[in-house]
Amino acid sequence: MHNKYINTLHKFIDDEYEGRACLEISDKACKVVPGNALFVIVSLVLSKIADTLASAKIVLPWLMTATGAPIFLISLLVPIREAGSMLPQLILGAFIRQKPIRKNYLVVGALLQSVMIAGLLLVGLYLTDMLAGIAIVVLTLFFSLARAIASIASKDVIGKTIPKKKRGLLTGKAATISGLFSIVLGGMLLFYYEDKNGVSELLIIAIVSFTLCALTWGFVKEYPGATSGSVNGLSLAVDNLVVACKNKDFVRFVIVRGLMITSGLGVPYFVLLIQQETSGTLSNLGSLIILSGAASFVSGAIWGRLADRNSKGLITLIAIINMLIFLVGMLVHGLDSASLYGYLAFFFSLSVMHEGVRQARKTYIIDMAEDDKRTAYVTVSNTLIGILLLFIGAVSGVIAHYSITAVLATFAMLSLIAAMLSTQLKNVSQ
């Protein structure tokens, strides 16, 4: 009865499952795909909900503003959140690869993220001004380190437990489901809360979500995989870097992915423009959360299926659309002819594209790497992207001090270059 229930739920998740098509996973793992798929998608949904409710692009800036933190500290949130979770991955990944079972790192990573958000909640309730801002930045840094652990392990666990051609579908549906929950929670914020305590409610839900996420990852049946033995972690990290960079396709992918981080960096600038058009009330925060959730809800599953079919082509398509969004946004802002609703439309469009970028790049690198090289590729990629993120983020921040129009123009140019280079990527979806 238990297996029948699991199989029924799995069929709802993947209505094309045939029970025998298990590309690039072991025979043992193939037998437990239905159960694992269910636990994986629940874990991903909970993680995505928590990420949205503690977003460094939307929620944390609102919290810092409510506590009276200086603006220059607010500008540090996104680079620290993103780069902080990427830069350590080369060394962390080397240690994680020494373990044949890696889901335990997912459990630990989720629990640590829950603890850091609890710290953010306490800061929002009891601290103010500069002290609050510094505390939030420090907690965001530690949060990003915990996120790094989870990021490394999740791609490897998914690669070992979910068949090729189904990974994008699974992550896409998780994005859709989490997007629906975000819409509901954003609606609650929009209609029921009128002060910063509404942010506290969101952080509490994020804490619970990460805790449940940790418990759910623990139920995944992961079989031992290839390890790096007892090799020194730092030495292995260097070896991983050398091995990965010898793969020309991997190097091209890293360059393209690095140029496409503009979709993530661009969102906060539209948030800033929206704040300038309004009084920065909590209802506007609710609107942004609703739009962010709607972006995942309407596009997540679609992006996932497209990524499974041709992740390379999807990367090219999204890069072109990103370029157009930045160009139009640049022109509209430069002519000073946009309204609040216009900026909300840009925010929503770029959020949809950013969801597509995430689906495409995750599916591409998981499909590109063989089982014994997947963690190496993921960690090297994320470490290099972290460096690029800090650099591009710093440069764009300086440019934004003088002109947001110039920032949007820069992002449009980088998106165009990404589109051209992506045509040279190898098709790994076959």
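Backbone N, Cα and C define each Cβ position, glycine as well.
Per TrEMBL, these features apply:
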- 36-430: domain 'Major facilitator superfamily (MFS) profile' (DOMAIN)
- 29-47: transmembrane segment (TRANSMEM)
- 59-80: transmembrane segment (TRANSMEM)
- 105-127: transmembrane segment (TRANSMEM)
- 133-153: transmembrane segment (TRANSMEM)
- 174-193: transmembrane segment (TRANSMEM)
- 199-220: transmembrane segment (TRANSMEM)
- 254-274: transmembrane segment (TRANSMEM)
- 286-306: transmembrane segment (TRANSMEM)
- 313-332: transmembrane segment (TRANSMEM)
- 338-354: transmembrane segment (TRANSMEM)
- 375-393: transmembrane segment (TRANSMEM)
- 399-421: transmembrane segment (TRANSMEM)
Inset, instruction - Using a Cβ distance cut-off of under 8 Å, indicate which of 59-80, 133-153, 174-193, 199-220, 338-354 has the most pairs with the transmembrane segment (29-47). - result: 199-220
Inset, instruction - For the domain 'Major facilitator superfamily (MFS) profile' (36-430), would you mind checking the mean pLDDT of the predicted model? - result: 81
Legend entry - Positions on the same chain near the transmembrane segment (174-193), where near means CB under 8 A and six or more residues out: 41, 44-46, 48-49, 52-53, 201-202, 205, 282-283, 285-301, 303-304, 355, 358-359
Legend entry - Range from 59-80, 199-220, 254-274, 399-421 with the greatest count of C-beta pairs under 8 A to the transmembrane segment (105-127): 199-220
Inset, instruction - Look over the recorded stretches 199-220, 286-306, 338-354 and say which has the most C-beta pairs under 8 A to the transmembrane segment (313-332). - result: 338-354
Inset, instruction - Could you tell me what the rest of the chain brings near the transmembrane segment (199-220), counting residues at least six beyond its ends with Cβ under 8 Å? - result: 36, 39-40, 42-43, 46-47, 49-50, 53-54, 59, 62-63, 66, 103, 106-108, 110-111, 113-114, 117-118, 120-121, 124-125, 157, 161, 185, 188-189, 193, 282, 285, 289
Legend entry - seg_contact(the transmembrane segment (338-354), the transmembrane segment (286-306)) with at least 3 CB pairs under 8 angstroms, min sep 6: yes
